[in-house]
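K.L.:
There's a structure below that I have some questions on.
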Amino acid sequence: MRVAVIGAGVIGLSSALCIHEQFHGLVPSLELEVYADRFTPHTTSDGAAGLWQPYLSDHGNLQETLWNKETFDYLLGHMHSAAAKEMGLFLISGYNLFTEPAPDPSWKNIVLGFRNLTPKELELFPGYSYGWFNTALMLEGRSYLPWLTNRLTQRGVKFFHKKVESFQELFSQGVDVVLNCSGMRSGDLQPDPELQPGRGQIIKVLAPWVKHFIITHNLKSGIYNSPYIIPGSEFTVLGGIYQHGNWSEENSAKDHKSVWDSCCRLLPALQKAKIVDEWSGLRPARPSVRLERESIRLGNRQAEVIHNYGHGGFGITIHWGCAMAAARLFGNILQEKKQLATPPGPRL
Amino acid sequence: MASPKVAVVGAGVIGLSTALCITETCPSCSVTVLSDQFSPNTMSDVAAGMLIPHTYPDTPIHRQKQWFKETFAYLFAISNSAEASEAGIHLVSGWQVFKSTPKEELPFWSDIVLGFRAMSEAELLKFPQHRFGQAFTTLKCDCPPYLLWLEKRLKAAGTQLYTRKVTDLWELHSEYDIVVNCAGMGAHQLLGDKQLFPVRGQVLKVHAPWLKQFIRDGDGLTYIYPGIHRVTLGGTREKGSWSLSPDAGTTRDIFDRCCSLEPSLQGAQDIEVKVGLRPSRQCVRVQREVLSQGGVELPVVHNYGHGAGGFSVHRGTAKEAAHLVGECISALQGSSSRAKL
């Protein structure tokens, strides 16, 4: 049973790990392979700051809220292990700021200690009159992706540095199941007009005195088009760009100025921070995550694709819930192919 | 008295902040700071500089609260300005956890720090040995940056800073009109104050930049305070111990206690061990005194004995001491105009 994962960002690697963990003992013939043209540190996941936080509203998509919760709980459970540091996982508190009262988010009971900001706290942020404080998690891609890669390598999963041009290409080589975790470039494998880039640009600075994340919201401009400051283990990420439909991965001087000026206004001490890097990336945005099976008839065979892409700006936030859902779909495939007597035990 | 000459003895957080307050309230004063040690070699440099007050048994609570409130407001304004990183002042959030519920669930300072509340059940799950906790956001003064920033402000205000070991306050009477004693533990030798005693504290300063939250055990003995570049792990409270040498067994013990609160500390690098003596007293001595010898008088303002709470109340006591210096000046001017009659 050959399974090929396309994509080595957080979605591809975590889906691969989840499937291997659950099925390698039950399916002795399981061979897992990861194909990608970009590996860490060059994936979209590496550019993300790594803060666990869903969008403000789930638009009634309770499935995604559940996957977010599963991810948070899974990560929180790892907090006590010695692996946490290696994974790039740590607790962080911070502020979400608004210029007017906002309804509580779908994730208020998932994070720790969610509450409204007090008037004195709001004094820190002139121009903002309402906000939240909570404790969440950081999962830094540049640590997490290598950690996932190590776990997979230890398990004998093979990696191939190549751009897959079509699902057919893999099926004709004898692959039985393809996991499509190709993020932004899924459209190259199968057109999907619903998948659009949500371009972001960030500035990485040295500002080790910043211990909280600060995310501002402008309900008119939309998500992430308002300044945000996210301190990592080494660098602090300044951002606030979300351009729907913009495919450019080049840094823009105009966006740089917008991010720099607005973040310095938010936190004046940043004026003294040293800029170490700048990066643009494309959030693989979609009205909802595409996480479903697709059966493809190939002569007398039935080949299976499990799609797992379109996680927008919340890939890290939702990744493990999606990985487990993808693993369940894989379990169904195995059952149907009579590779498995019964699926593995119930998992949340 | 055109330009009163004021000597401030001590260049830790108390000495420097008191000197600065004096330059603010008495611009005509000529202020000199004298100390045998300057940052990074003062006792203050060992401290984490967290704004979590220590309760002095014999100082009225309202006075302690006022000191803390003034200090917090002063540092809050700096943390919110462009100078924050240079001054080493930053906000930090975290938890104070208790193995058994404390008698006083609401400390006197709970409405001064930000967002004070009881920890939720979910948060307490992270601390299986602890049954109760408080979550809040407070400020931290990183040293050396804060002391160096104070020195810079002092120099800009025309203050002179000299390395000099003062063995007797009286030796200053011919050069200075008023002496301000901020000698901390040094007041023991300078004054023979029997009420002043050391409480030895050993700490580790480690590199663990992924730690963004403080964790403190309510017993005050175990704490994890993330600073700008290093995390301070503590600690000990050894009453009456004068030893400034690090103890290896203590280092191991502190590390183990902190790791049980925060397991990821196992991965901490570059462990530096430091020792400080908290200049402890049942009450902080902020008080005027007039020394006299052979008909000559020397006004002294004391500001020492802050023990474990120096950073938390420094600005408040500095302002009070500066006010007392003002009273000394008025008294001197009063007596000198009487002398003219």
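Every residue number used here counts from 1 along the chain in the order it is shown.
Every residue gets a Cβ built from N, Cα and C, even glycine.
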K.L.:
Which of A:VAL164, A:VAL175, A:VAL177, A:VAL205 does TrEMBL put in the same FAD site as A:ASP37, A:ARG38, A:THR44, A:SER45, A:ALA49, A:GLY50, A:LEU51, A:GLY312, A:GLY313, A:PHE314, A:GLY315, A:ILE316, A:THR317?
P.N.:
A:VAL164
K.L.:
Measure from the Cβ of A:GLN53 (D-dopa binding site) and count the other Cβ atoms within 10 Å, all protein chains considered.
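P.N.:
Step by step: centre on the Cβ of A:GLN53 (D-dopa binding site), count other Cβ atoms within 10 Å, giving 26.
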K.L.:
Rank aside, I only need the closest one: which of the binding-site residues A:GLN53, A:HIS217, A:TYR228, A:ARG283 has its C-alpha nearest to that of A:GLY312 (FAD binding site)?
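P.N.:
Going through A:GLN53, A:HIS217, A:TYR228, A:ARG283 one by one, the Cα closest to that of A:GLY312 (FAD binding site) is A:ARG283.
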K.L.:
So which binding-site residues are near A:TYR228 (D-serine binding site), with CA atoms within 10 Å, out of A:ASP37, A:THR44, A:LEU51, A:GLN53, A:HIS217, A:PHE314?
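P.N.:
Close binding-site residues: A:HIS217.
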K.L.:
Which one is it: of the binding-site residues A:HIS217, A:ARG283, A:GLY313, whose Cα lies the shortest distance from the Cα of A:ALA49 (FAD binding site)?
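P.N.:
If we rank A:HIS217, A:ARG283, A:GLY313 by Cα distance to A:ALA49 (FAD binding site), first place goes to A:GLY313.
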K.L.:
Highest CB neighbour count within 10 A among the binding-site residues A:TYR228, A:PHE314?
P.N.:
A:TYR228
K.L.:
Near A:GLN53 (D-dopa binding site), meaning Cα within 10 Å, which of A:ASP37, A:THR44, A:ILE316 (binding-site residues)?
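P.N.:
Cα within 10 Å of A:GLN53 (D-dopa binding site): A:ILE316.
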K.L.:
Starting from the Cβ centroid of A:TYR228, A:ARG283, A:GLY313, which together make up the recorded D-serine site, report each further residue of the same chain whose Cβ lies within 8 Å of that point, ordered by sequence.
P.N.:
A:ALA48, A:GLY198, A:GLY200, A:ILE223, A:TYR224, A:GLY239, A:TYR242, A:GLY312, A:PHE314
